[in-house]
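Notes follow once the structure below has been shown.
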Amino acid sequence: NLYQFGKMIFKMTGKSPIFSYGDYGCYCGWGGKGTPVDATDRCCFVHDCCYGRVNSCNPKRSTYSYSFQNGGIVCDDQNLCKRAVCECDRVAAICFGENVNTYDKKYKDYPTSQCTETEQ
C-alpha cells in the first residue's frame, strides 16, 4: 500500500516520500501525462505503468509482506497479487535510490501544464 511504498522510498533514498516525491515532475503523484522530465520522474512513470498492470489487485490499498535485507527490499508475500504490487513498489524505490543524485528541486511541484507530449 502507499504507506509501505513510502517506507521503501525512505529506506532507499533517505528522503521524505510525500514531500520529495508526492508531486514531482509529470508522473510522481496522482495521475500523469506527457514525457517524464528526468530519471526520477521516469521511475514514477514506470511505477504508474506497473500499477496499471496490477490494477485488479488494488495496488494503492493492498497490504503486502516484505522486508529489508542486506540493504535491499525483499517481497515475500505468498499471495501472488500482493507480491506483484510489492514488486512494483520495490522496483520504484530502488529506482529512486539509484537516481537520488540527479533529483532536481526545480521539478518539485512542477506545473502539469508543462507536461506535454514531445514531438518525435
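Note: Cβ is positioned from N, Cα and C throughout, glycine not excepted.
Checking the candidates D38, D48 against Swiss-Prot: the one annotated together with Y27, G29, G31 at the Ca(2+) site is D48. Only one of C57, C75, C81, C95 is recorded by Swiss-Prot as the disulfide partner of C86: C75.
For C50, the disulfide partner recorded in Swiss-Prot among C26, C81, C88 is C88. Looking at C26, C28, C43, C81, the record from Swiss-Prot puts C57 in a disulfide bond with C81. Using the Cβ center of Y27, G29, G31, D48 for Ca(2+), the list of other same-chain residues with Cβ within 8 Å runs, in sequence order, C26, C28, W30, G32, C44, F45.
If you check the binding-site residues Y27, G29, G31 against C43 (disulfide bond), the ones with a Cα inside 10 Å of its Cα are Y27.
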